[in-house]
Amino acid sequence: MKLNVRWAKTDHIAIALSGGVDSSVLYHMLSTSYKDTYQSLTIFHVNHGVRVESKHEQEVLERLALKNGHVFLSIRLELDDFTQQKGRTARYQFFSAMMESHGIDYCLTAHHADDDVETILHELLSTRHLYGVGIKERHGKFLRPMLHLSKVKILDYAKTYGVLVLEDVSNERDDYTRNYIRHNVVPAIDVHPSLSTKALLQFKEDFSDMDSLVTETAKAFLKDKNAFNRDAFNELNKIVKLRVLSILFNDYIERAFIEECVSILERNTAQAELSKNDFKLVVSYDTFTVKKIDDEIIDEVRVISSPGKYKFNGYTIDVELVEEPITVRTRRVGDRILLPNLGTKKVNRIFIDKKIPNHLRDKMPIIVNSDGQIIAVGPIYNIIKSFNHLKFDIKLDIKE
Ligand SMILES: Nc1ncnc2c1ncn2[C@@H]1O[C@H](COP(=O)(O)OP(=O)(O)OP(=O)(O)O)[C@@H](O)[C@H]1O
């Protein structure tokens, strides 16, 4: 049985060893027939602490590492309400931190071809295929040298070489969809004479090549521009449109959101804004752009109609909810602020009462609601609570 070796003889590699059959076989191979392919090998183990045997398993693996002269780095997670997803995130954080602090070149995991088939089916059947399908054989510093091997081959190897496996490490996840695919979809494929799971792996390879073409076309459209022509965008092929927007939103892949952006650009809407995470799509007549919200500077009168973080003269206006547009501007003669149930008060009076220096008075954002009433004066008179379907906060960024 062969591994796909992508590391060099001089590399310090690590293996993510759960103690289950897959990673135990990988460890066995690395410690025997592949022991001359790297400089040193470290073991990473995460004890999720969800089963009583976990502590014992950790000790067994640690003794094995000691016997083989390998460094053993482990962590016991203390997660409230353990879920598979939380466990996975914590695992990868631990692996990355250990690679960084111990100067480790690669971390090897024991994903195999059956995992790949399940993942491909999961992505295809739940429209998660915007950025290719299946498990990547290499993802940054993570390598999957067994990705081409079937589970049957791995089990055969374990039997032939008497590999030590912690029987209790369950491969059954609490991921309902993955388990459903594993038990109900996959078994129904290979028993049919003209269907094969191998075809899915071929599809993954072809799809990856097509995907590269889509990315190339999208990048050519984006090249050297910050603002884009809406008509030119609308003439692109649908999948290229999705890719253009995914790239602009920093590789964001939630299909529903990206499709919503596409449909706004296709419709006759003259002006619109749509934000996600730290990015915002701004459509203005025949052009559009996607901006990082933190980079945005407002230094004139500006209408805000969607949530996000807006910069204004050294202040940040953090808008959480805005059902009717608000205007942000600097002070004007005669400005009066609305005091709920108490009438109004001169903005100038507030500045005097709070001893605000003149140079700051000229910069401070004044927030005006859609009825033309002033509802906030910078951070000094700031309605943080919900107010007429509006929720925002204003902070001073720079020390004056
Ligand atoms: N507790 C653990 N400690 C160390 N390595 C682990 C642990 N659990 C899993 N791994 C590594 O990750 C590989 C994949 O495990 P598994 O299929 O259970 O992961 P998953 O939850 O599907 O997540 P992902 O596929 O994103 O890694 C294992 O073969 C092993 O190399």
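One-based numbering along the chain as shown.
Placement of Cβ uses the backbone N, Cα and C atoms for every residue, glycine included.
Unlike curated entries, TrEMBL annotations are predicted automatically.
Note that the structure is predicted; figures quoted are calculated from it, not measured.
The ATP binding site annotation in TrEMBL covers Ser18, Gly19, Gly20, Val21, Asp22, Ser23.
Taken from TrEMBL, the feature domain 'Lysidine-tRNA(Ile) synthetase C-terminal' covers 326-392.
Checking the binding-site residues Ser18, Gly19, Val21, Asp22, Ser23 against ligand 1 with a 6 Å cutoff on the Cβ atom leaves Ser18, Asp22, Ser23, in sequence order. Restricting the average to the domain 'Lysidine-tRNA(Ile) synthetase C-terminal' (326-392) gives a pLDDT of 81. Working note on the binding-site residues Gly19, Gly20: by count of other C-beta atoms within 10 Å of each C-beta, Gly19 ranks first.
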